[in-house]
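K.L.:
Take this structure first; my questions come after.
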Amino acid sequence: MKIAIVGGPTAVGKTDIMIEVCEEIGAEIISMDSRQIYRYMDIGTAKPTPEQRKRVLHHMIDIIDPDEYYNAFMYRKDSLRAMEDVLRRGKIPVYVGGTGLYADALVRGIFEGVPADENIRKELRELERREPGILRKMLEELDPEAATRIHPNDLKRTIRALEVYMKTGRRISELQKEAKGDDRFFIIVLTRERYELYERINKRVDKMIEMGLVDEVKRLLGMGYSKDLNSMKTIGYKEVIDYLEGKYDFDKMVHLIKRNTRHFARRQIIWFKRYKEAVWYNLTFEDVGEVKEKLKKLIVENFSV
């Protein structure tokens, strides 16, 4: 038995395609999106609509509040529990989403062996406060491989990598390779040519604005959720907050959301290219109807192995 993980960049069309595919083969979707886990954040995370979620049962959406902590280790544990529940009911589970870190947690396993040390974390945060950028330089020197996988602005993961090194004397990138993988999964990636994908991203952002993204952010702030939360630094939310604080005008806000989403999509594609064994479908050149038929066949046949 092999379970499909269907990944790809944001706005490529994963949700619409996979809802139709899963509906026809009697499958349920396990979301693999690190932002759709948050309640109240619907428009900016492009969650499936209530109607779509009625057509196909979705798991791992709306599971925590925006101020709750969550990581890839927790996702792996919770989503595997959801997967087992789907299997018990005689259905086919299909993972769908663009969070490469979650795909890694499922396929390659995840290292979570060193307990957090608040003293070390406090020390590192203070060091960064005194000399911005110093932790990134330290990571590049101590663990170059981890530095290539951790975004320069991701202070939380940078601190975690340095914390592990300081506690164990070993690089987190080495320890992660020792994590136990899971051979029950296979990966499918949906993609499009850059020009088409970027056009779809721009249209999606325009639609989010029309649907009330600014009001959604205002509502979240009104509920008491801090702009400094990890959830509120999601692309779309961060730019709206800066706009509301008067850092730039409305048009600049829209421009930045589009630009940052395009950059994010490019990073997603690069991430999934690391899976040499993945099956890729380019929706710019392949007929979408034919791709759906191929997906149905591939998912069902692998599940039946």
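Numbers here mean position along the shown chain, with the first residue as 1.
Placement of Cβ uses the backbone N, Cα and C atoms for every residue, glycine included.
The ATP binding site feature in Swiss-Prot is assigned to Gly8, Pro9, Thr10, Ala11, Val12, Gly13, Lys14, Thr15; the stated evidence is sequence analysis. Under the heading substrate binding site, Swiss-Prot lists Thr10, Ala11, Val12, Gly13, Lys14, Thr15. Per Swiss-Prot, the feature region 'Interaction with substrate tRNA' maps to 33-36; the stated evidence is sequence analysis. Residues annotated as site 'Interaction with substrate tRNA' in Swiss-Prot: Thr99, Arg121.
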K.L.:
I want to verify one value. Collapsing DSSP to three states, which class is Lys14 (ATP binding site)?
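P.N.:
Note: Lys14 (ATP binding site) is helical by DSSP.
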K.L.:
Checking the contact step here: among the binding-site residues Gly8, Pro9, Ala11, Val12, which have a Cα within 10 Å of the Cα of Thr99 (site 'Interaction with substrate tRNA')?
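P.N.:
Taking Gly8, Pro9, Ala11, Val12 one by one, the ones whose Cα falls within 10 Å of Thr99 (site 'Interaction with substrate tRNA') are Gly8, Pro9.
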K.L.:
Measuring Cα to Cα, how many angstrom lie between Pro9 (ATP binding site) and Arg121 (site 'Interaction with substrate tRNA')?
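P.N.:
So the alpha carbons of Pro9 (ATP binding site) and Arg121 (site 'Interaction with substrate tRNA') sit roughly 32 Å from each other.
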K.L.:
Would you pick out, from the recorded positions Lys14, Arg121, the residue whose Cβ has the largest number of other Cβ atoms within 10 Å?
P.N.:
Lys14
K.L.:
Around the ATP site (Gly8, Pro9, Thr10, Ala11, Val12, Gly13, Lys14, Thr15), what further same-chain residues have their C-beta within 8 angstroms of the site's C-beta centre?
P.N.:
Gly98, Leu190, Arg200
K.L.:
Given the binding-site residues Gly8, Gly13, which one's Cβ is surrounded by the fewest other Cβ atoms within 10 Å?
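P.N.:
Taking Gly8, Gly13 as the binding-site residues, the minimal 10 Å Cβ count falls on Gly13.
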K.L.:
As a quick check of your reading of DSSP, tell me how many residues in the region 'Interaction with substrate tRNA' (33-36) are helical, how many are strand and how many are coil.
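P.N.:
Residue counts in helix, strand and coil order: 0 helix, 0 strand, 4 coil.
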K.L.:
Under a criterion of Cβ-Cβ distance under 8 Å and sequence separation of at least 6, what residues of the same chain contact Ala11 (ATP binding site)?
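P.N.:
Within the chain, Ala11 (ATP binding site) has Cβ neighbours under 8 Å at Ala46, Leu197, Arg200, Ile201, Arg204, Thr261, Ala265.
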K.L.:
Would you mind reading off the Cα separation of Thr10 (ATP binding site) from Arg121 (site 'Interaction with substrate tRNA'), to the nearest angstrom?
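P.N.:
Thr10 (ATP binding site) and Arg121 (site 'Interaction with substrate tRNA') have their Cα atoms 32 Å apart.
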K.L.:
Take the region 'Interaction with substrate tRNA' (33-36) and average the pLDDT across it for me.
P.N.:
98
K.L.:
Out of Thr10, Val12, Thr15, Thr99, which has the highest number of nearby Cβ atoms, where nearby means within 10 Å of its Cβ, if these are the recorded positions?
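P.N.:
The most densely surrounded of these recorded positions is Val12.
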K.L.:
Measure the Cβ-based neighbour count of Pro9 (ATP binding site), defined as the other Cβ atoms within 10 Å of its Cβ.
P.N.:
27
